[in-house]
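**Q** According to TrEMBL, the protein carries these features:
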type	residues	note
REGION	1-21	region 'Disordered'
COMPBIAS	8-21	compositional bias 'Low complexity'
TRANSMEM	30-48	transmembrane segment
TRANSMEM	60-80	transmembrane segment
TRANSMEM	89-110	transmembrane segment
TRANSMEM	144-163	transmembrane segment
DOMAIN	148-234	domain 'Cytochrome c assembly protein'
TRANSMEM	170-189	transmembrane segment
TRANSMEM	209-230	transmembrane segment
TRANSMEM	237-255	transmembrane segment
TRANSMEM	298-316	transmembrane segment
TRANSMEM	328-345	transmembrane segment
TRANSMEM	411-429	transmembrane segment
DOMAIN	411-537	domain 'Cytochrome c assembly protein'
TRANSMEM	449-470	transmembrane segment
TRANSMEM	512-533	transmembrane segment
Amino acid sequence: MSTDALKLESSLTSSPSSPEAKASAWPRSLLFVVPILAATALVLVRAFGTAPTVLREGNLTVLALLAYLGATAAFVMWMLGRESLLQRIGIGTMAFGYVMNLAAWGIRWIEYIEFEKTKPAMQAIWHTLPLMEKITHTYPLNNLYDIGLAFTGFAVLSSLILTTQDKYRFIGAVTMPLAALTLTLVVFLGSEVTTLQPILRSYWRPIHVSIAAISYGVCLVSFGIALLYLLKDGVRIESMALCVAIFGLVTYATIGDFKVLTTGTYGLGVRWMGSGLNLSGGGALRATLPGVGTLMQLGWLVYAAAGIALAVYFFRNDQLARQWGNRLMVAALIVQVLIFGAIFYRMKSPMDINAAIHPGQHQAFGAWLAKRSDIDPATLAPQQLQAEGARWLNQNASALEISFNSNPVELATILTLIACTVFVVLFAWRGAAMLEKLPSLDTLDDLTYKTVSVAFPLLLMMLVTGAVWANESWGTYWSWDPKETWALVTWLAYAGYLHTRIVHGWKGRTSAYFAVLGFIFVLFTYLGVSFLLPGLHSYAGVD
């Protein structure tokens, strides 16, 4: 057995032997035990108390997001060389955010129960249902919003557990920005309570999806630690900045159905108010947001200029090009903030959504409407489809709204681009001072290994329980559904990490790259597959 394997076994199985160690372990564990108890108390007050209008899931989720953002600010200021008190404030704020996060998820379960009990078909029989059947009906992991809320919470819980050890108290500096980013995406996904397909109701669902949420949360922590390792190990921030610039170029070249660069326009998907029906499905119905496309073109140009400057720096070791590359990344960040602000402003401002839908989309939308009515669009003339699409939109113009949750992949891409740009700008500015706050490379490497070693069996359990659930629902253990396939690819990536480390002795930077790659696969499995590769798991998305 390798040294790493022995070290991991020792760390997982050893326990404090002295009375002093046992006495100190309990107060430290209060850091995550107290938040769990506090969240449980809030859920019980919501269930049996008299303040349901205050303790709403949406309110608590926003409070959790604000707490994570506050903790991020405190940790960043601490890493910039400020008082150690800021670290303790960051840890306390992180714990408070976890209370809100966990309570929000628990209260969402109550809201699912209330939703099910009010259904006409359920009102008369709800009290007669067995407990397990009630759980399978209402367990709040039905869609991406539920799962995102849960796996963010598990990532923060992992951070709190690690924070009980002094050498890991830095962990919130990387997990808090990631948690804030994830929860921001969750908020924009929309929190509608959805009904699960009857065929999927099984006691295996709570088991499978809970394990998925836990494993994704641990993978997020391992990703953050691996990223810090790469920076501590000397990976130049300009290398990451160049990758971010390329990411920005690809984003604005492909976003909005490839229309940003070609037509200078960008639009959001359209929803039918009241029903929550996403009208941007097969017809790709989008309402153009004035001015946003032009800003995105400007963002593309700035990223292109930054990428060129950074490429010149790498090929010629030109320090002036390096300085200009960093300055242009700051300019790109400013443009990103303007883009997101413009999108948000247009979403909240009154506008004639029907007029913002280009007539060229009417025919495709008419075909989409025909399919929803079980009519083959091929049996209708193009003029009929065009007229039907236009007629429906004119008739329902007052009930249309634009929404980001019609395409969460685009939202996730924009938010990730902003976060990555902030990251490289911050480290280009004060990277040396921030890295001094981090522990040694061996500590970071060892912690990445430990978190991956926890995530790996959880991902395997997720695959096994998912296969059992699939057999119960669809009659087959494995169907090469896109989500199944990418979940397997994700598990293999982490298997590669452990195999190369334990058997071949790979450590350090190479292993860190494996951990980063594994989490990229996690993100694609969680979000990308649900919207880009339709399959049996399409129910996990938002309508």
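Heads up, the Cβ atoms here are built off N, Cα and C, so glycines get one too.
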**Q** Go through 30-48, 89-110, 237-255, 298-316, 449-470 and flag the stretch with the largest number of C-beta pairs under 8 Å relative to the transmembrane segment (328-345).
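**A** Out of the listed stretches, 298-316 contacts the transmembrane segment (328-345) most.
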**Q** What is the three-state DSSP composition of the domain 'Cytochrome c assembly protein' (148-234), stated as helix, strand and coil residue counts?
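**A** Taking each residue of the domain 'Cytochrome c assembly protein' (148-234) in turn, the totals are 69 helix, 0 strand, 18 coil.
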**Q** Kindly say whether the transmembrane segment (411-429) and the transmembrane segment (237-255) touch, using the definition of 3 or more Cβ pairs under 8 Å where each pair is 6 or more positions apart.
**A** yes
**Q** At a C-beta cut-off of under 8 Å, are there same-chain residues at least 6 beyond the transmembrane segment (170-189) that contact it? List them, or none.
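**A** Same-chain residues near the transmembrane segment (170-189) but 6 or more away: 61-62, 64-65, 68-69, 71-72, 75-76, 78-79, 87, 90-91, 94, 97, 101, 144-145, 148-149, 151-152, 155-156, 158-159, 162-163, 220-221, 223-225, 227-228, 404-405, 408, 411-412, 415-416, 419, 423, 437-439, 542.
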**Q** Sequence-remote contacts (6 or more beyond its ends) of the transmembrane segment (237-255), Cβ cut-off under 8 Å?
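**A** Those are 231, 261, 266, 296-297, 299-300, 303-304, 306-307, 310-311, 313-314, 322, 325-326, 329, 332, 410, 413-414, 417, 420-421, 423-424, 427-428, 431, in sequence order.
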**Q** Please work out which recorded stretch in 30-48, 60-80, 89-110, 449-470 has the most C-beta pairs separated by under 8 angstroms from the transmembrane segment (209-230)?
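**A** Counting Cβ pairs under 8 Å, the winner is 449-470.
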**Q** Is it the case that the transmembrane segment (30-48) and the transmembrane segment (449-470) have 3 or more CB pairs under 8 Å, with pairs at least 6 apart in sequence?
**A** no
**Q** How does the model score the domain 'Cytochrome c assembly protein' (411-537) in terms of mean pLDDT?
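**A** Over the domain 'Cytochrome c assembly protein' (411-537), the predicted model scores a mean pLDDT of 87.
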**Q** Does the transmembrane segment (89-110) reach the transmembrane segment (449-470), going by 3 or more CB pairs under 8 Å (6 or more apart in sequence)?
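**A** Result for the transmembrane segment (89-110) with the transmembrane segment (449-470) is no.
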**Q** At a C-beta cut-off of under 8 Å, are there same-chain residues at least 6 beyond the transmembrane segment (449-470) that contact it? List them, or none.
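**A** That would be 4, 8, 11, 158, 202, 204-205, 207-208, 211-212, 214-215, 218-219, 221-222, 225, 476-479, 484, 487-488, 490-491, 494-495, 497-498, 501, 511, 515, 518, 536.
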